[in-house]
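According to TrEMBL, the region 'Disordered' annotation covers 131-153. Residues annotated as repeat 'TPR' in TrEMBL: 163-196. Residues or ranges marked as domain 'J' by TrEMBL: 538-599.
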Amino acid sequence: MDHNNLPHMLCSACGGRIHDQHDFPSINQDRLCNKCKVPRQGPIHFDAAQRRPGPIQQCEICGGRHLSLKCTWRRCSRCGSAVPMSWDCQTRSMSCIGCGETVQVAHVPVPSQTCERHMFLADATTKGWSRKNGSLRKSPIATPSAGRSKTADNAYDAKKQLANEYSMKGNASFADKRYDRAILWYTRAIETLPSDGSAYANRAAAFIEKKQYYLAEADCQRAINLQGRNPSAKAHVLSARCRYACGRPMEALAFLRRALALEPENETAKILRAKAQALQEQMHSYEGARARGDWTLAQTARDNCVRAVMDEGGVPPSQWRCWGVELLIFRGEFDMAAAIAEHEIDDPRTGEYMMLLRGTVLFLVGKLEESLRLLADAVQAYPRSQKLPRLLFRVHKIKSLKDEGDAYAKARRWTPAIEKFSEALQEIGEHSSEANGGRVRATFLCTRAALCMEARRTGDAKADIEASLRLDPSTYAPFYLRGLLYMQEGDYEAAVQEFKFAKDKAEFGPFKNLMESWLREAEARSTATTPSDGKPMDHYKTLGLSRGCTEADIKKSYRQAALKHHPDKGGNEETFKRVLEAYTILLDPIERQLYDAKAADKYQGNGFHANYHPSQSQKL
């Protein structure tokens, strides 16, 4: 005999077929599995139409037991998602668990989806019979007796009454603002009667009062799913409130539209709708301001968004934390931005974007090697990302240009070294979203300024130093270089101030010792009063002139200084002598040229040649 053509059931342990000598085995009869050879005993309900057993499940409408062959998946005609559908034994329809929409199916559900409480079947098995080989045989899933149905009704009514009692106690605790106890009573009601959607909605309201919005959101969704074709506006409003407090105003507005469709005069829904619309406008304002580069307006919009959520006791979404890191980068607060990005980098919702921001921060603070390693790992972790490879290529190109420039500088080839660092500065750029280049641009500007000083391009060096100070005044390098320029010009007092700033900002070690050495040198030259020690006097400073002054400027300044410091006018004799000496030297073109040449030769190239220029103090 071909056993494959006989009615069979599946073993609950291994999935093998179970055969019996009868076409429809009895409920409590032992069965021997053909696969694992282990006797299996009921109760196993046999599906006559599908010729296989089905597990016992509970009807979501009435609480009765129904049989399901397996999880039934359909595609919803409203939301378009493929989700398991809930079978309504009364209306003989399926509803989407996601949105509650009734789903049209191409065929009638199999008898294994029939509820034992409202027992009916779609074909000949409705009367408890199935046809095989022209004859009718008795089916084991026949309609239950009237006594059995009445017993099920009594049990269901008892559970419903007990669940109502628990819910009433929960309502009393909720009115007394004892939300923890209310949650306990509502939970008991749910455990007693899981099909009661109102208990889920009540517990969601208690969770909302405790600002536990994610738990409340889950309960609201269960309540809406259980209510099916009879949804309540309360559950939709509560769900909208949860989504608003979690920073998702678009989802909140969708639920509020359904709530107002059910209750057009619901004032709570109207107030919440206005707040959700305002929050959505602020989010759009941030996106628009960021696209335009208006980071001040973006900061205001982001602050308004966070304030709206915090007023509800909610938690800003992870996307807003990414906005916060972007704004910190714009303001140049790289340390705080790096700390937040590193903390949020493992969040699967924003991991890719946080990796990008973290790599950007490392690049902007000048840690090029660390940025390259992080971005390389990020590209492997997120192979579909488009922004990560672009940033990786950009950082790699800048690092290559820097290495080439350093190689030229060590060979004392100043012009090609300056060109390489100029190319690197062009790649870095001055984007407002990156704090105009950040610390890495400031460091490269200092390096190029040092190279320009070596190449005797003083004007370019001054411009780079000033630009570096505007970007990052927290490092010693620009003050150190400007002090050296003042030493070249003979302005020792100004050099003293610059070296003091550089000393305060330099870390302990060789660079701090270098700053102290130059500070002592500048102080010694500033206090020198005669040229007897062979050191040049600052004649320009004595007359209050610059190096580019004209003969007319020298005469005018001398007349003013002579009247001020002449001994007959109450002035100091030594000071008057210095004024006279400065006037004599600077007024003679030959003497002035010799004086300028001596000062330039004395201080040109001291302390910042290619093997020791400021860029070497920062590991890029």
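Positions of Cβ are set from backbone N, Cα and C atoms, glycine also.
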- Task: Take the domain 'J' (538-599) and count its residues per DSSP category (helix H/G/I, strand E/B, coil), listing them in that order.
- Result: 49 helix, 0 strand, 13 coil
- Item | Residue distribution over DSSP helix, strand and coil in the repeat 'TPR' (163-196) | 27 helix, 0 strand, 7 coil
- Item | Stretch-averaged pLDDT - the domain 'J' (538-599) | 80
